[in-house]
Amino acid sequence: MAPQHLPSTRMAPQGMLLGLLLASCLTFCLSCQNSNNFALTNPEKSTHEDSDTKETRREEELDAEVLEVLNPTQEWQALQPGQAVPAGSHVRMNLQTGVNEVKLQQEDKFQSNWKGFKRGRRLDINTNTYTSQDLKSALAKFKEGTEMENSKDELARQATVKQLFRPIEELKKEFDELNVVLETDMQIMVRLINKFNSSSSSLEEKVAALFDLEYYVHQMDNAQDLLSFGGLQVVINGLNSTEPLVKEYAAFVLGAAFSSNPKVQVEAIEGGALQKLLVILATEQPLPAKKKVLFALCSLLRHFPYAQQQFLKLGGLQVLRSLVQEKSAKVLAVRVVTLLYDLVTEKMFAEEEAELTQESSPEKLQQYRQVQLLPGLREQGWCEITAQLLALPEHDAREKVLQTLGALLATCRDRYRQDLELSRTLGSLQAEYQALASLELQEGEDDGYFRELLASIDSLVKELR
C-alpha cells in the first residue's frame, strides 16, 4: 500500500525553496519600479536639460501673457508664479515653506510707484530713464540741429543783406559808366581845399567847401592828412580873409581839427594860428565869427601847455577881458569863463597827478609849471570880472561862474572878501536857491539841480567868512 503522506524531513526543504523563489520575484519587481532612483549611472544632466527647457517654455508663455501686478503691503504676501511686482519692493524666499514672499520696503518712498498700477495691466517699465550714452547721443543731435538752424538763419540773413546792398565792384562799374569816381577821404579833402583856394571860386563855393571840410577833419587821421598835404596852412591863411564868412568857417574847420590832436596843434602854433585867432577876437567882427574863433582858440589851448604859454605872452588874457566887457558879446562871457576854469583845473590836475605818481619833472609837467596863469588872472583883474558875471540871469551861466570862483578862490580870496557887491549877490542867490531847492524836495528830488547850486553857494560863503 503506497504511503499517504511525505515525511516531514522532506517537506521542510521544499518550503524554503518556495519562499526564496517568492522573495526573488518580489525583489525583481521592486528593482524595476525604482530603477531611476537606484541606478548606478546618474541621468542628472538630461534631467536638468528637460527642466531648463520646461522653464524656458514657461517664461515664454508668461512673457506672451499679460503679467498680473501684485500690490505689496506692509505685510509679507505669497508671490504666485507669473505675478510681477513694482520696482523697489522687498522680495524674499520663506525657507520654511519654500514660497517667494513680497512686501513694501518704504511706503513713503515707493507708494507713488504703484498707486497707478491695477491688476490685469502689464508692468509699466519707466521709459523716462536714459543711460548716459542716450543723453550724449541726444545732446549731439540737439547741437547738430541747432547748428543747422543757425546756419539756415545765417544764410537767410545773408540773402536778405545781399538784396539790400550791391557788390562794390558792380557799383564801381556802374559809376565808371556814369563817369562817377569813388573818392577816398584824402582825395575829397584835396578837392575841397583846391576849391576853397581857387581864385575862380565864388564866396558861396568857398564857404560850402569849408563847411564840407569840417565834417571830415573831425576824424583825427583825416586832420593829420589835411596837415600832410598842406591843407591846414591854407585854412589858417583863410583867417586873414576880408570876408567874415570865410573867417567864421575857416575857424570852424580849425576848431574841429585842433580838438584832441596834438600833432595838428603843434603845426598850428608854428603856422601862426594863435596870433590870427587873437587878432579876430580883438577887432570888430560879427558875433557868429567871434563864436567860431573862440571855439578854435579853446580847442588849441586845451591840453597844450606850450600854446598856453604863448597865449599869455601874446596878451590873450587882455583880449578875453575886452571881449567879456563888450556889451554886444555878453553871450560869449560864459564861454570865456568856462575856458579859464578849464585851464586852471587842467594845470592843477596835472601837478597833482605828478605828485601822486612821483614822476621826476617830465617835459609836459615842466611846461605846465611855466604857465603863470593864476598870477596873470589876478593882475588882469579877473577876480572882479568873474564876481560880476555871477549876476547873469541864467542858471547855467551862474553854475559856470560859481565853478570858476571856486577855482580862483586861493588866488582871489582877499579880493572876494573886499567885494561888497559879491557878498550881496551871494546872499540874494542863497535865498533864491533855498526856495527852489525846497520846491525840489516837495517834488521828491533829493539831489536836484538847485540843491547842487545852493551847496556851491553855501560853500563859497563859508570860505569867505
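Count begins at 1; order follows the chain as displayed.
Just so it is clear, glycine is given a Cβ too, placed from its N, Cα and C backbone atoms.
For the region 'Interaction with HSPA5 and localization to the endoplasmic reticulum' (1-260), the mean pLDDT of the prediction comes to 73. Under the heading region 'Interaction with HSPA5 and localization to the endoplasmic reticulum', Swiss-Prot lists 1-260, citing similarity to another entry as support.
Taken from Swiss-Prot, the feature signal peptide covers 1-31, and the record attributes it to sequence analysis.
According to Swiss-Prot, the region 'Disordered' annotation covers 39-60.
Per Swiss-Prot, compositional bias 'Basic and acidic residues' is recorded for 45-60.
The N-linked glycosylation site annotation in Swiss-Prot covers Asn197 (among others) and rests on sequence analysis. In the three-state DSSP classification, Asn197 (N-linked glycosylation site) falls within a helix. Long-range C-beta contacts of Asn197 (N-linked glycosylation site), restricted to its own chain and to partners at least six residues apart, with a cutoff below 8 Å, comprise Val234.
Close to Asn240 (N-linked glycosylation site) in the fold, though at least 6 residues off in sequence, lie Lys276, each with a CB less than 8 Å from its CB. Annotation source Swiss-Prot lists N-linked glycosylation site at Asn240 (among others).
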